[in-house]
Amino acid sequence: MSFVPGQENAGSRSSSGNRAGNGILKKTTWADQTERGQNNGNRGRRNQPKQTATTQPNTGSVVPHYSWFSGITQFQKGKEFQFAGGQGVPIANGIPPSEQKGYWYRHNRRSFKTPDGQQKQLLPRWYFYYLGTGPHAGASFGDSIEGVFWVANSQADTNTSADIVERDPSSHEAIPTRFAPGTVLPQGFYVEGSGRSAPASRSGSRSQSRGPNNRARSSSNQRQPASTVKPDMAEEIAALVLAKLGKDAGQPKQVTKQSAKEVRQKILNKPRQKRTPNKQCPVQQCFGKRGPNQNFGGPEMLKLGTSDPQFPILAELAPTPGAFFFGSKLELVKKNSGGVDEPTKDVYELQYSGAVRFDSTLPGFETIMKVLNENLNAYQNQAGGADVVSPKPQRKRGTKQTAQKEELDSISVAKPKSAVQRNVSRELTPEDRSLLAQILDDGVVPDGLDDSNV
């Protein structure tokens, strides 16, 4: 019994036009229509015989035979089509492992002319054929053939042909190519999808079945390729990839002083209860200094605000708007308006008090308690009372010189002695005594006179 890919029972096939045995309209793939596209406008003429591998023109515009599966298209030049051993056979319902053997056939596609007049060759597309079918039906498994890559399941017997029927595109559509888990697709290739032309296929078939009066209308609904590949698809894919990489892999946006100022001003323009402090607009700029009435926040959290890594777990304790209004004690208080020169306006405060209750079963309880203990009344542990974040100390001019002067003044330096003091130890000579006697009124110089009494 011959096997039919995609069907459990091979005997259920039908050849009734474009409908399968179950009466469902079947669509065809791009490979099917490429071969028949040349005869679309030749109604009433005798159909041309199907071209085979030996009669295929070098232009590559015709796909010989009909593969059971959608193709694999190359989109990067210089890549080699290959599968690892035991891989590469498309899977389909109804095909036992013993029949999973065959080859991938390279179809050289047509060339096209670019807007500047140059000829450009489309990269090839590969189609799978079971062993004993397709353009190389008479070849043995493993024969060295240009443009053929052999694949087989580890349980398949490659010495015999696969018992698989040829595909009739009028009865069976091409199956989307799928591989067994773990199969590595060749680099630089992608699997052609199928089914994208199903609406056009059905509308085209319906319009053709309405009679000759609708043939002109049906010409605009001709079935389109199931997988339309633009000539420059490889370039487009590369451009998209580069654009994506350029977006994601670019340098991080730098925050300048100007941008930080704009962010801060944008936050401060909001009502007080709508502000969200962050690095650009710290807590004290949003809500003021810490003190008895605003007693939460340590130095690190006051700098980072909600950007602090510990803040998200605290946010789990924050009440919802519903809990705020319905679970708190609210009081509306009218406040005095501005100064005398300011326009008169009514100012109110919605004062509230409440509590958030939690216990040790709360996820992250220990971390929450640690963060709360570090930030509650943290201003009391800082020098300067309510000023938790101490301002940057200003450098006073002349401080260094003043300190040096004070240091010099604190050092006691002995003053040099006079000439008389330096001679205290010298004995008086008789000449000195005579001279002193003349000076003194009484003319007597005591014997005990020394330089210390002079």
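Even glycines carry a Cβ here, placed using N, Cα and C.
What you see is a predicted model, and the numbers here were worked out from it, not measured in a lab.
According to Swiss-Prot, the protein carries these features:
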REGION    1-62  region 'Disordered'
COMPBIAS  49-61  compositional bias 'Polar residues'
REGION    56-197  region 'RNA-binding'
DOMAIN    64-193  domain 'CoV N NTD'
MOD_RES   THR177  phosphothreonine
REGION    186-230  region 'Disordered'
COMPBIAS  215-227  compositional bias 'Polar residues'
DOMAIN    260-383  domain 'CoV N CTD'
REGION    267-384  region 'Dimerization'
REGION    271-290  region 'Disordered'
REGION    383-428  region 'Disordered'
MOD_RES   THR429  phosphothreonine
Counts of helix, strand and coil residues, the domain 'CoV N CTD' (260-383), according to DSSP: 52 helix, 16 strand, 56 coil
Which listed residue (THR177, THR429) has most other Cβ within 10 Å, given these are modified residues: THR177
Rounded Cα separation (Å) that holds between THR429 (phosphothreonine) and THR177 (phosphothreonine): 134
Per-state residue totals over the domain 'CoV N NTD' (64-193) - DSSP helix, strand, coil: 6 helix, 33 strand, 91 coil
The region 'Dimerization' (267-384) [mean pLDDT, rounded to integer]: 86
